[in-house]
Each structure stands twice: as C-alpha cells, then as structure tokens.
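Worksheet for the structure shown next.
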Amino acid sequence: LPSPIPWSLAQPVTPDLLVSPSSQDGDLGSECPEDRGNWTGRLDFLLSCIGYCVGLGNVWRFPYRAYTNGGGAFLVPYFIMLAICGIPIFFMELSLGQFSSLGPLAVWKISPLFKGVGMGTILIVSLVAIYYNMIIAYVLFYLFASLTSDLPWQHCGNWWNTDLCLDHHVIKAGNNTLPVNISNTVSPSEEYWSRYVLHIQGSSGIGDPGRIRWNLCLCLLLSWTIVYLCILKGVKSSGKVVYFTATFPYLILVMLLIRGVTLEGAWKGIRFYLTPQFDHLLSSKVWIEAALQIFYSLGVGFGGLLTFASYNTFHQNIYRDTFIVTLGNAITSILAGFAIFSVLGYMSQELGVPVNQVAKAGPGLAFVVYPQAMTMLPLSPFWSFLFFFMLLTLGLDSQFAFMETIVTAVTDEFPYYLRPKKASFSAIICIALFLMGLILTTEGGMYWLVLLDDYSAGFGLMVVVITTCLVVTRVYGMKRFCRDIQMMLGFKPGPYFRACWMVLSPATMMALLVYNIVKYQPSEYGNYRFPTWAEVLGILMGVLSCLMIPMGMVVAVLQEEGTLWERVQQASRPAMDWGPSLEENRTGVYVASLAGSQSPKPLMVHMRKYGGITSYENTAIEVDREMEEEDEEESM
C-alpha cells in the first residue's frame with residue numbers, strides 16, 4: 001500500500017486557475033507552452049539550427065580565409081578554436097533558451113541588471129537583417145538573370161561595358177598565338193556587377209547615394225515578402241520551410257563539387273586551397289582569423305540559437321544537437337572550399353593566370369568570379385541558376401533566424417499585447433526594415449552595405465558574448481547553471497565545458513576583441529576610401545550596442561529599493577519567476593518561486609501531482625539533497 005500522505009501535503013497546492021492548460025496528462029505536447037507556440041516536428045529544431053549556421057559565409061568566406069592563412073594548416077587552429085569557443089558558447093546559448101523558454105530579452109530574468117545585453121543583441125541583429133536581405137536581393141537578381149540561353153555577363157559589347165572589358169574567349173584564342181596582357185583589363189562579369197547591377201558609376205561615394213535602382217528595389221521587396229511569408233506563423237511555418245532550405249543546398253553543393261572536380265585544371269585550385277603551410281601557425285593573425293570564422297559562422301551572440309532553443313520541449317537533448325550542428329557546419333565549410341577552388345583552378349588554367357589572381361572573398365567571389373567561371377562551362381545558364389539558387393536557400397534560413405529573434409524577443413516582453421497579433425507585428429518589422437534598407441538599393445548602396453557589414457556585428461557582438469559568458473558563470477554562478485542543465489538533461493556538463501565557460505572562452509573572446517581594436521583598419525571598397533564621418537558613423541553603430549549594457553544597468557538599479565549597493569545586489573539576482581516556464585518542469589528549488597505554490601516540501605507535491613518518479617524527478621531529488629547539504633555547510 002502507498003504510505004499515507006501527511007495532512008499538510010494533502011492540501012490543494014495550486015488554485016485551478018493557476019494550473020497551466022498543458023498540465024493535464026497527454027502526449028509529448030504537454031511539455032510545451034501553448035500560447036507561445038513550439039516546434040511541431042522532431043527535426044524542426046535541428047534543421048533550423050543547421051540552416052541558421054550554414055550560410056553565405058561558409059561558401060564565400062571560409063575557403064578564402066583557409067587559403068590566405070596557410071591552406072590545409074588552417075584546419076588546425078580552426079578545429080582548436082571550434083573546441084575552445086565554438087562548441088561551449090553554442091551549448092550555453094541553447095541551454096539558456098531551452099531552460100527558460102524565453103527570447104533574448106526576457107531571458108535576462110536570470111540577472112535583470114544585465115538586460116541591456118539583450119537590447120544590444122536586438123540592435124545588432126536588426127542592423128544585420130537589413131543588409132543581409134540586400135545580399136539575398138542581389139542573389140535573386142542574378143537568379144532571374146540566369147533564366148536565359150546566353151548569360152548577360154558572358155561577353156563585352158553591351159551598353160554597360162567599357163573599353164577595358166576583355167572577353168575570356170579572346171584570351172583563350174590569344175593564348176595560342178601571342179600572350180594577352182590582362183593586368184589592365186576587366187572581365188565582363190565584373191563590369192556587369194559594378195556597372196549594370198549596382199550602377200556604381202552613378203555615385204561618387206557614400207555621401208552621394210544617387211538614384212534608387214528600381215530593379216534592385218523590387219528584388220529587395222521580393223526577398224522581404226518571401227521572408228515574411230515563411231515566418232508568418234512563427235516557428236510553426238519556418239520550421240517546415242527549413243526542411244527544404246536547410247537540405248537542398250547540400251544537394252546543389254554536391255552537384256557543383258562533382259562538376260568542379262571533373263574539370264580540367266581543378267587539381268590546381270584544390271592544391272592551392274589545401275597545401276599546408278605550417279609556418280603560418282606561428283602567426284597570431286591565423287589563430288585570430290580561425291576564431292573569427294568560427295564565431296561568425298556559428299552565429300553565436302546573435303540570439304538566433306537562444307530563440308530556436310526556447311521553442312524546444314524541456315528535456316530535448318541539446319547536448320547531442322550541439323555537436324551535430326557545430327561539426328556539420330565545419331564539414332560544410334570544408335566541402336564548399338573544394339567546390340569553389342576546383343572551379344577556380346579550372347578558371348586559372350583557362351585564363352592562363354595563377355589561382356591567386358582569380359581567388360576572391362565575399363561578394364566578389366559570388367557575383368564576379370564564380371559567375372565568370374560559369375560562362376566557361378557548357379550549359380552555363382543551368383550551372384549559374386543552380387549556384388544562385390544554392391546561395392538563396394543558404395541566405396534565407398539565416399534571415400529567418402534573424403527575424404524570428406527580433407519578433408520573439410519583443411513578443412516575449414509584451415506577451416499579452418503582441419502574441420495574439422504576432423503576424424501583424426512581424427509584418428510591421430519587415431516593412432520597417434525594408435524601408436531602412438532602401439538606401440542599399442541606390443547607386444551608392446554598396447558603400448552603405450560595406451559599412452554595415454564591417455561595423456554592425458564587429459566588436460559590439462564580441463562584447464555581448466563576453467558579457468553573457470561572464471554573467472552566467474560569475475554572477476548567476478557556474479554551480480547553479482550546471483544544476484539547471486542537470487534538471488533538463490539528467491547530467492551535469494563535464495570539466496571540458498566548465499573550463500571553457502569559466503576561463504578559455506571568455507579569454508579567447510577578449511583576445512579577439514583586443515586584436516580587433518589594435519589592428520583596426522578603415523573600411524574600403526575596391527580603391528574607394530571611406531570619409532571620416534562614415535568611419536565615425538560605423539564606430540558609433542558598434543559602440544551603441546555596447547552602450548545598451550550600462551543603460552540597462554541604470555534602469556534596473558532605479559527599479560530597486562535601498563542603498564546603491566543593495567540595489568545592485570538585488571538587480572543582479574534572478575527574478576522571482578526565473579526558471580522553467582511550465583509548472584511540471586519546475587522541480588527542486590524552482591517550485592517555491594511558482595505563483596500560488598504553498599508547498600512546504602515542493603518535490604513531494606510535484607511527485608503527487610504529476611505521478612511517479614521519472615529519471616528527471618530523480619535528478620531533482622539529488623539536486624534538493626545537494627542544496628540542503630550546501631546550506632548545512634554554510635550554516636556551520
């Protein structure tokens with residue numbers, strides 16, 4: 001027979017009104033906050049994270065960074081930095097989001113004094129979302145331009161071409177007789193990009209944007225419309241779209257890779273990409289570049305991971321997911337390098353120039369070099385369409401994450417007003433960011449895009465990540481944080497994660513930050529140097545996101561009572577309602593802080609109300625016992 005329950009425990013624990021609708025017995029869905037929405041399928045979360053992390057940077061930044069920093073030898077610092085600051089910070093962000101089921105602003109109930117960190121994150125993400133969608137607009141432009149039998153950047157002789165334009169077919173014919181001097185010439189694809197797509201000759205610099213390019217403006221409108229339709233129902237709709245946008249790029253990447261390595265001269269490019277130059281490893285620059293690549297590629301600090309994890313069920317195995325996503329992201333980058341450099345090797349052979357003369361990074365690779373290489377292949381419009389379709393799917397799911405982060409952060413702050421109107425609120429955000437991005441569609445828009453790219457997510461983002469790391473480990477406490485993870489996953493993080501969170505990750509990030517400030521170089525685009533006022537504007541963008549932190553502190557301190565030191569102490573403690581969002585997940589220390597909880601022994605009540613002891617309740621009993629022992633030690 002079950003032992004009788006003491007009379008005090010037999011009292012009603014929670015008024016019926018306070019019982020969440022999901023606390024009735026049911027299927028797996030009983031773990032999810034109903035009004036907030038959650039993932040509808042098992043793979044939604046994993047694919048969303050892969051889609052978010054695997055973006056344009058994997059294709060256009062990693063291969064170039066690898067070849068300029070020691071080729072194959074670059075993989076050594078790359079994987080070491082992945083282990084030191086990639087995987088641990090990734091896991092920390094997922095844990096914070098899943099444990100609290102809150103967005104990047106509301107999650108700072110963990111320590112309200114530092115809510116400014118969340119505000120800084122939202123500012124950074126908004127700036128990035130503005131220009132990232134412009135890049136998607138360029139991709140759409142090229143995608144439509146590829147729907148033709150003859151690619152428009154294939155030959156000279158169009159109205160946008162100049163006398164400097166030199167067709168590669170002419171070079172190839174010239175190679176048989178006299179060598180052609182190509183040093184002072186421009187490829188048709190370069191003139192198509194700068195003189196037709198951007199029409200940059202209509203602007204004298206960043207202070208003179210010129211007229212709006214209506215074809216680009218319509219592409220930007222289309223890209224915002226696509227993004228809005230995909231995030232219309234929050235993670236319920238974007239979670240389904242990623243089944244396509246996160247997997248399809250791999251299919252195209254494999255096709256481009258197979259096509260690339262079968263081309264004549266492909267080995268030249270691959271050898272150039274992978275030949276290890278171990279002397280580079282003695283240079284600090286190589287290690288910093290590896291850390292930067294990891295940092296931006298995984299998207300830590302942007303709030304996207306935290307947002308996605310906040311829609312998980314409480315016991316989702318994010319430990320496993322962390323390794324799947326981070327290692328998958330690294331392997332994708334390396335694969336993309338083969339696809340890119342095999343084509344560059346073929347191109348260098350066709351043009352009769354060294355590979356390093358055709359290799360570029362960033363938009364130059366995507367919109368000039370690779371399109372030029374496509375014109376040298378049979379069925380060039382087909383390969384061009386595939387390449388740009390891959391870039392489109394790579395870019396879109398990263399953009400979904402940025403938008404979901406902004407919308408979730410604000411709706412979690414004002415759930416009663418905004419959650420029922422989430423679709424309308426998403427529309428307002430999309431329209432506002434589209435209007436702000438209109439300057440990028442002008443003839444001088446590229447200068448503004450470079451400025452945003454260089455400064456919006458620079459040192460501000462690093463300050464955000466360092467602060468988050470220090471607050472969780474020092475202010476909230478490493479013991480508490482590990483205990484929270486044990487409640488979710490049934491085990492505590494090992495010494496590797498604890499060492500990284502306490503020392504290695506923050507120290508690496510600090511080194512990155514110092515390096516970035518010391519090695520600061522003004523922005524430039526080609527031969528154009530930005531004026532001082534533009535530099536100042538860029539620096540202010542970065543500083544503003546950092547200033548959010550002290551501003552948030554002032555607000556938090558003013559809301560408390562007592563002396564200044566007492567206010568700071570109170571504001572740095574977790575809020576009363578910090579913890580798992582659902583009653584059935586609030587075991588141990590968190591039950592006491594639940595609205596309407598009158599329980600002297602919360603865990604016993606929890607067991608009576610929700611049935612027998614599961615492995616997770618077992619964990620909660622251990623946690624309670626540990627806490628009692630700690631309290632006894634402190635009182636002795």
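Glycine residues also receive a Cβ, built from the backbone N, Cα and C atoms like all the rest.
Automatic prediction, not curation, is the source of TrEMBL annotations.
Here is what TrEMBL records for this protein:
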| type | residues | note |
| --- | --- | --- |
| TRANSMEM | 45-63 | transmembrane segment |
| BINDING | Gly51, Val54, Asn58, Ser297, Asn329, Leu394, Asp397, Ser398 | Na(+) binding site |
| TRANSMEM | 75-96 | transmembrane segment |
| TRANSMEM | 117-144 | transmembrane segment |
| DISULFID | Cys156-Cys165 | disulfide bond |
| TRANSMEM | 241-258 | transmembrane segment |
| TRANSMEM | 290-311 | transmembrane segment |
| TRANSMEM | 323-347 | transmembrane segment |
| TRANSMEM | 382-402 | transmembrane segment |
| TRANSMEM | 423-449 | transmembrane segment |
| TRANSMEM | 455-476 | transmembrane segment |
| TRANSMEM | 496-518 | transmembrane segment |
| TRANSMEM | 538-558 | transmembrane segment |
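Taking the features listed in TrEMBL, we show where each one sits on the structure.
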residue : record             : Cβ within 10 Å
Gly51   : Na(+) binding site : 28
Val54   : Na(+) binding site : 28
Asn58   : Na(+) binding site : 24
Cys156  : disulfide bond     : 20
Cys165  : disulfide bond     : 20
Ser297  : Na(+) binding site : 23
Asn329  : Na(+) binding site : 25
Leu394  : Na(+) binding site : 27
Asp397  : Na(+) binding site : 25
Ser398  : Na(+) binding site : 23
Top stretch among 75-96, 241-258, 382-402, 423-449, 455-476 for CB pairs under 8 A with the transmembrane segment (117-144)?
382-402
Please indicate, using numbers and ranges, the residues of the same chain that are 6 or more beyond the transmembrane segment (538-558) and have a C-beta under 8 Å from a C-beta there.
112-121, 123-124, 127, 451-452, 454-456, 458-461, 463-464, 467, 523, 530, 564, 567-568, 571
Could you tell me the C-alpha distance between Cys156 (disulfide bond) and Asn329 (Na(+) binding site) in angstrom, no decimals?
39
Hey, which bits of the same chain come close to the transmembrane segment (75-96), Cβ under 8 Å, at least six residues off its ends?
66, 107, 110, 281, 286-287, 289-291, 293-295, 298, 300-301, 305-306, 308-309, 318-319, 321-323, 325-326, 330, 334, 465, 468-469, 472, 481, 484-485, 488, 493, 496-497, 500-501, 504-505, 508-509
Relative to the transmembrane segment (382-402), which of 241-258, 290-311, 323-347, 455-476 accounts for the most Cβ pairs at distances under 8 Å?
241-258
Which residues of the chain, 6 or more past the ends of the transmembrane segment (455-476), have a CB below 8 A from one of its CBs?
89, 92-93, 96, 110-111, 113-114, 117, 120-121, 123-124, 127-128, 131, 295-296, 300-302, 501-502, 505-506, 509-510, 512-513, 516-517, 523, 538-539, 541-546, 549, 572, 574
Which sequence positions outside the transmembrane segment (323-347), separated from its termini by at least 6 residues, show Cβ-Cβ distances below 8 Å to it?
46, 49-50, 53-54, 58-59, 62-63, 66-67, 75, 78-79, 82, 86-87, 90, 250, 253, 256-257, 260-261, 263-274, 293, 297-298, 355, 358-359, 365, 369-370, 372-373, 376
I need the nearest neighbour of Cys165 (disulfide bond) among the binding-site residues Gly51, Val54, Asn329, using C-alpha distances.
Val54
Residues outside the transmembrane segment (290-311) whose C-beta sits under 8 Å from one of its C-beta atoms, at least 6 past its ends, are 36-39, 45, 48-49, 52-53, 55, 57-58, 61-62, 65, 69, 74, 77-78, 80-82, 85-86, 89-90, 93-98, 100-104, 107, 118, 121-122, 124-125, 128, 235, 318, 325-326, 329, 333, 398, 401-402, 404-405, 408-409, 457, 461-462, 464-465, 468, 508-509, 511-512
